Amino acid sequence: MSTSTVAAKRGPRGDAFKNRVSGLPTPVKVVLWVLFAVFLFALPLLNIPFITTADSDFGGVLFTVATYVLVALGLNIVVGYAGLLDLGYVGFYAVGAYTVGVLSSEHANIPWLWTVPIAIVVAMVSGVVLGAPTLRVRGDYLAIVTLGFGEIVRLTLVNSQWLGGQQGISNIPRPPGAELFEVPSLSWDTGVPVVDLDATTTFLKFGIGDFIPYYWLALVVIALVLVFDILVKNSRVGRAWEATREDEDAAELMGVPTFRFKLLAFSLGAAIGGLSGALFAGKAGFINPQSFELLLSILFLAAVVVGGQGNRWGVVLGAIVVSYFPERFREFADFRVLVFGLALMLLAIFRPQGLIPPRRSRRVKKADERQAALEEGEVHA
Amino acid sequence: MQFLIDNFAALTITGITLGAVYALIALGYTLVYGVLRLINFAHSEVFMFGTFAALWVVMLLGGKAGGSVGQVVFWIAMMFIAAMAMSGLIAVVLERVAYRPLRKRNAPPLVALISAIGASFVLSEAMGLREKIAGWVGLDDELRSYVRNSRNAVGLPDIMRKEPLFNIGGYNVTNVDILVILGAVAVMIVLDQFVKRSRLGRGIRAVAQDPEAAALMGVNRDRVIQVTFLVGGVMAGAAAVFYLLRIGITRYDVGFILGVKAFTAAVLGGIGNLRGALLGGFILGLAENYGSAIVGTQWKDVVAFVLLVVILLFRPTGLLGESLGKARA
């Protein structure tokens with residue numbers, strides 16, 4: 001068999017789409033990106049039928065989806081890039097949220113905005129504190145240690161009166177805002193979109209009834225994290241992570257200080273987890289230990305793996321799948337978890353690399369196929 | 001501290017009975033891990049189904065509290081048969097549905113974990129929604145006593161009364177305590193001998209050692225894996241009966257935290273090592289009880305996890321190391 005037949009094999013459709021997009025001239029790409037961003041910002045106002053959740057506030061759902069996306073981006077650094085299986089990620093999320101809670105309402109009165117950087121730093125430090133001793137153990141052992149960490153955090157929250165105990169912390173201040181102008185939304189009552197001037201959202205007003213501004217804030221944060229993610233991934237650090245993930249011993253022998261890079265991945269992931277926790281606390285205004293169950297850790301990991309660990313757009317999609325569908329299909333509330341479990345199994349079986357696998361693993365797969373074809377050719381020749 | 005000294009005997013006995021249950025569940029994790037290098041996340045649900053099977057068989061045959069010794073033996077035997085059969089069946093089906101297709105496709109291990117998590121959700125929700133599911137099939141009237149209030153805890157009739165047998169250090173050791181401890185150890189010995197001496201046991205060890213070499217030597221890998229799941233499930237069934245006799249109630253979500261603990265026990269002893277699972281289970285049970293006596297019961301689980309972290313730091317492969325399979329790189 002000649003290699004040309006192998007090369008002639010068509011790649012997945014995603015590749016073709018990607019090639020077409022990256023072949024466009026830069027100004028067109030910029031315009032497309034801007035349009036896409038505008039669409040994302042307008043999404044809660046458009047009230048598109050079928051997509052909109054009928055049973056729960058769509059702005060709130062979108063905010064939840066956005067926090068999942070943020071968390072998945074952070075966890076992707078740990079699991080996808082550095083290959084460290086972390087089952088206790090919710091611990092960092094909780095650390096972020098509680099730092100905000102403690103500093104802004106429980107024991108001090110620091111404004112929300114000031115507590116966010118502190119929350120990021122505290123989460124990062126807790127990542128180092130957990131990672132420094134435990135990152136020497138590998139694979140599944142790491143999974144169980146991190147799982148233990150998540151539970152330790154949660155049980156500490158439950159049992160510490162200083163942290164509010166079971167009741168949690170309430171009256172967390174909201175993000176600072178300014179009531180600038182009103183944005184109307186669309187209404188689809190007649191089947192045709194009509195601008196509804198009664199249902200408006202005040203720009204930059206972080207109140208209790210309307211969650212759309214929080215969603216916008218989360219979108220901005222996601223964009224920033226994405227830029228950071230792209231920069232880090234394409235740097236020396238990102239390559240060191242991938243080398244460590246593929247073969248730790250080989251990487252170490254080639255002069256990569258793997259432990260230091262693993263710790264870096266762990267703490268960066270923790271920092272992003274803390275940041276999303278801080279956002280969550282700012283929107284909810286109220287946190288208690290029930291918001292940080294172990295199950296959430298598992299859902300976060302599911303988002304990363306379902307989407308395609310190591311591919312940032314994949315994990316974004318995975319996070320949307322994991323968080324949006326249960327909200328959308330609330331009318332089947334009783335069967336939500338059952339169906340979700342089935343979906344996880346089916347996805348694992350039929351898309352083992354995730355919905356959008358990273359380019360590298362697709363390349364590896366292609367190379368393997370070519371190798372197999374060559375070997376077969378030799379046997380037959 | 002004073003509390004610990006005063007109640008040392010009581011804490012020790014309850015810790016050991018608890019540890020015995022952990023250890024039996026841990027066997028399922030350890031066996032599967034030894035052979036497949038996979039955390040069988042849904043094993044806790046296999047256990048949960050066992051508790052329900054044991055409970056239902058007693059309900060079905062009209063078990064009542066207080067009977068002669070012969071009756072008690074009969075009930076317990078029925079519970080064992082039902083629970084072991086149910087758990088073994090669920091474990092085998094689980095392997096078939098959730099893991100085998102992945103193996104055929106050479107999926108990365110993390111994906112198997114996701115599939116396991118999915119299976120775990122499905123199994124526990126199927127039990128939690130049994131009322132609704134029975135309604136669909138139109139059997140809710142016939143099955144009323146089994147399916148009603150499916151989200152609540154259900155209790156076992158007190159078929160084996162707890163009676164104090166003798167007294168150690170101020171604690172009345174009951175017949176249930178003795179049954180659980182001796183029973184668990186007996187089951188362990190049987191399993192240990194099975195893996196050591198039987199043909200299938202040799203197959204399990206061979207696959208754990210080196211799957212490819214074993215396949216070349218004529219070991220049917222799929223069958224060995226199936227047997228491994230079956231054995232792990234049967235052990236979980238035994239654990240389910242002991243748990244039910246000791247605690248008396250079960251729920252559709254009883255498996256989750258117990259599964260985490262059992263896995264912790266397996267890692268503690270050295271995952272992939274059968275005797276390690278026993279040791280890990282007992283240590284965990286005792287440590288939890290002693291620890292909670294010192295720092296307060298609400299910190300019980302924290303003690304367990306802190307212990308785990310500390311042990312892994314000093315002995316990254318657990319206390320006894322791995323023996324079912326080769327040492328991991």
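Residue positions begin at 1 at the first shown residue.
Cβ coordinates are placed from backbone N, Cα and C, and glycine is handled just like the others.
What TrEMBL says about a protein is an automatic prediction, not a curated fact.
Feature annotations, courtesy of TrEMBL:
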TRANSMEM  A:30-48  transmembrane segment
TRANSMEM  A:60-81  transmembrane segment
TRANSMEM  A:87-105  transmembrane segment
TRANSMEM  A:112-135  transmembrane segment
TRANSMEM  A:214-232  transmembrane segment
TRANSMEM  A:263-282  transmembrane segment
TRANSMEM  A:294-325  transmembrane segment
TRANSMEM  A:337-356  transmembrane segment
Best-contacting stretch, by C-beta pairs under 8 Å, relative to the transmembrane segment (A:60-81) and drawn from A:30-48, A:87-105, A:214-232, A:263-282, A:294-325: A:294-325
Tertiary contacts of the transmembrane segment (A:263-282) (same chain, 6+ residues out, Cβ under 8 Å): 67, 70-71, 73-75, 77-78, 81-82, 84, 86, 89, 92-101, 112, 115-116, 119-128, 130-132, 135, 172-175, 206, 214, 217-218, 221, 225, 232, 237, 241, 291
Tertiary contacts of the transmembrane segment (A:294-325), as residues 6+ beyond its ends and Cβ separation under 8 Å: 61, 64-65, 67-69, 71-73, 75-76, 79-81, 86-91, 93, 147, 150-151, 154, 226, 229-230, 233, 245, 340, 343-344, 347-348, 353-361
